[in-house]
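Enquirer: Could you have a look at this structure, given as structure tokens, before my questions?
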Amino acid sequence: MPKFVVVTGGVMSGLGKGVVAASVGRILRARGLSVTAVKIDPYLNVDAGTMNPYQHGEVFVTFDGGETDLDLGHYERFLDVELPHRNNITSGQIYKSVIEKERRGDYLGQTVQLIPHVTDEIKRRLVEAAGGFDVAIVEIGGTVGDYEQLPFLEAVRQLRLELGGDVLFVHVAWVPILKTTGEFKTKPLQHSVAELRRYGIQPDAVVVRSERPIDANAVKKISLFAHVPQHAIFNSYDVDTIYKVPLLLERQGMGDFLVERLRLRGRSPDYGEWESFVARLSAPSRKIAVGMCGKYVELPDAYLSIVEALRHAGAALDVRPELVWINSVEVEKNPDLLPKAGVDAMVVLPGFGKRGTEGMIECVRYARTEKIPFLGICFGMQLAVVEFARNVLGLRDANSTELDPQTPHPVVHLAPEQESVDVLGGSMILGNREVEIVPGTLAAALYKASLTVERHRHRFEVNLAYVPKLQEAGLVVSGWRRDVKRVEIIELPAHPYFIATQFHPEFKSRPTRPRPLFLGLLSAAVEQSRR
């Protein structure tokens with residue numbers, strides 16, 4: 001039977017509970033243990049696919065096509081695993097499943113209630129997700145005291161009752177510091193633990209989030225009022241990169257605590273590659289300004305995996321990518337913003353809908369004509385095709401039918417399999433697809449392979465009817481879907497580095513295994529800057 005580490009949060013949201021959960025997993029992975037991770041989101045949405053990026057941040061796409069919470073991205077990057085969509089559990093999924101079972105008659109006439117039917121469904125899914133692993137990390141989203149959390153807290157309380165010492169509770173809470181006196185105030189944390197105990201859960205360990213390291217007096221107070229031994233109180237204070245958090249907690253003894261408390265057999269921890277990555281990340285020899293052009297740039301979390309993929313590539317190249325966020329809506333109003341941005345490379349980001357797209361197209365044009373290394377991702381590739389069709393091929397009204405259904409030159413249009421789709425949720429082209437790479441191209445040089453498997457999330461595609469004309473004008477299609485004829489990668493050989501993809505390369509980037517397209521972008525930017 002696998003062990004469970006359940007991570008809860010208190011005092012306020014946005015503490016980095018997901019990073020702590022991922023760090024716990026990294027600590028156990030460093031000991032050679034097999035680890036998976038589950039994120040519980042108490043909202044009633046079935047998944048994150050239709051949620052506003054400003055509310056939810058990035059939608060992380062799993063290999064099997066799940067549209068999930070961005071914390072699954074943290075888990076995959078820290079644990080170096082690929083997680084299935086079932087590892088993101090929402091209230092919407094739970095209630096939908098219970099109601100469907102009731103309609104089928106699975107409950108044999110019982111009165112269906114939160115306890116036991118909803119809590120049993122939650123436990124069933126947790127045990128299913130944990131199957132075959134030594135340890136499952138379970139993060140419960142939200143803050144203790146939220147109404148939406150109650151069924152999940154009750155379910156993990158029951159899980160502890162049933163499995164005993166195979167379930168360990170870690171509570172993450174904020175301890176502010178009063179700047180006028182320099183005193184750490186532990187009362188909010190004490191109250192959040194008291195609230196957790198009201199639901200029958202006593203934390204086994206506490207992770208204190210704080211701006212700077214807490215003092216011994218604060219540890220004593222937390223131990224006394226939270227009823228947690230001092231050796232089980234850990235401090236995740238602010239650091240310059242989230243990738244230092246596992247090392248920080250390891251130095252405080254969390255690894256030994258987890259192994260002893262859960263009765264695990266693990267080897268001596270090995271952080272060799274991880275420490276090397278963190279060292280390179282923290283002390284690069286040069287900086288590169290990377291323009292990030294998109295429509296949701298006020299909330300960088302909307303592009304979290306792309307940001308992390310650039311950091312991974314930067315660490316490998318001894319370069320720090322300094323991100324310059326470019327609001328495409330503002331570019332529409334004032335294209336002169338682009339020369340003033342002073343970027344060494346340009347990424348045109350994913351997105352949906354008409355707002356701000358002309359500004360994104362202008363970012364493509366600027367990068368193409370000024371010979372700035374360029375990477376377009378998903379929507380960014382589609383808009384790169386639109387820009388090329390307008391300004392090189394001479395089709396002035398070229399567009400995507402997503403943006404202008406009546407365009408006379410639909411160089412991007414709805415994928416055929418999407419024409420009969422009548423629901424938004426979970427209906428896009430999602431998850432892993434095989435991409436064949438054309439020999440002799442930039443893509444082939446970057447990937448050093450003839451085939452790659454990449455994750456997708458889109459409805460629209462390049463219109464094959466226009467591909468011959470685009471190619472005649474100098475655009476090269478360097479990647480095709482293997483199972484259907486679909487453009488996956490485009491590039492411009494006459495440009496120092498201009499490449500764009502229909503797929504999302506960022507979702508498979510790992511700290512010690514950066515993806516080729518991001519390495520290529522930063523390498524080209526470094527080479528350009530030397531000139």
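Each Cβ is built from the backbone N, Cα and C atoms, and glycine gets one as well.
So Swiss-Prot lists these for the protein:
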- 1-264: region 'Amidoligase domain' (REGION)
- Ser13, Asp146, Tyr147, Glu148, Lys185, Thr186, Lys187, Pro188, Leu189, Gln190, Lys221: CTP binding site (BINDING)
- Ser13, Lys185, Thr186, Lys187, Pro188, Leu189, Gln190, Lys221: UTP binding site (BINDING)
- Gly14, Leu15, Gly16, Lys17, Gly18, Val19, Asp71: ATP binding site (BINDING)
- Tyr54, Gly351, Phe379, Gly380, Met381, Gln382, Glu402, Arg459: L-glutamine binding site (BINDING)
- Asp71, Glu139: Mg(2+) binding site (BINDING)
- 293-531: domain 'Glutamine amidotransferase type-1' (DOMAIN)
- Cys378: active site, nucleophile (ACT_SITE)
- His504: active site (ACT_SITE)
- Glu506: active site (ACT_SITE)
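Structural setting of the listed features?
Expert: The secondary structure of Ser13 (CTP binding site), as reduced to three states from DSSP, is coil rather than helix or strand. Around Ser13 (CTP binding site), the same-chain residues at least 6 positions away in sequence with a Cβ under 8 Å from its Cβ are Gly142, Thr143.
For Gly16 (ATP binding site), other Cβ atoms within 10 Å of its Cβ number 19.
In sequence order, Val347, Val348, Leu349, Pro350, Met360, Val364, Ala500 are the residues of the chain that are 6 or more apart from Gly380 (L-glutamine binding site) and have a CB within less than 8 Å of its CB.
Taking all protein chains in view, 24 other C-beta atoms sit within 10 angstroms of the C-beta of Asp71 (ATP binding site). When secondary structure is read from DSSP and collapsed to three states, Asp71 (ATP binding site) falls in the helix class.
Counted within 10 Å of its Cβ, the other Cβ atoms near Cys378 (active site, nucleophile) come to 23, all protein chains included.
Mapped onto three states, the DSSP output places His504 (active site) in strand.
Taking a C-beta cut-off of under 8 angstroms and a sequence separation of 6 or more, Glu506 (active site) has the following same-chain neighbours: Ser305, Ile306, Glu308, Ala309, Ile377, Arg515, Phe518.
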Enquirer: Closest to Arg459 (L-glutamine binding site): which of the recorded positions Glu139, Thr186, Cys378, going by Cα position?
Expert: Cys378
Enquirer: Sort the binding-site residues Tyr54, Glu139, Tyr147, Lys187, Lys221 by C-alpha distance from Cys378 (active site, nucleophile) and give me just the closest.
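Expert: So, spelling it out, the nearest of the binding-site residues is Tyr54.
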Enquirer: Using DSSP and three states only, what is Gln382 (L-glutamine binding site)?
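Expert: Note: Gln382 (L-glutamine binding site) is helical by DSSP.
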Enquirer: Give the three-state DSSP assignment (helix, strand or coil) for Lys185 (CTP binding site).
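Expert: Going by the DSSP assignment, Lys185 (CTP binding site) belongs to neither helix nor strand, so it counts as coil.
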Enquirer: What whole-number Å value do you get for the CA-CA distance of Gly14 (ATP binding site) and Glu139 (Mg(2+) binding site)?
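Expert: Spelling it out, the Cα of Gly14 (ATP binding site) and the Cα of Glu139 (Mg(2+) binding site) are 13 Å apart.
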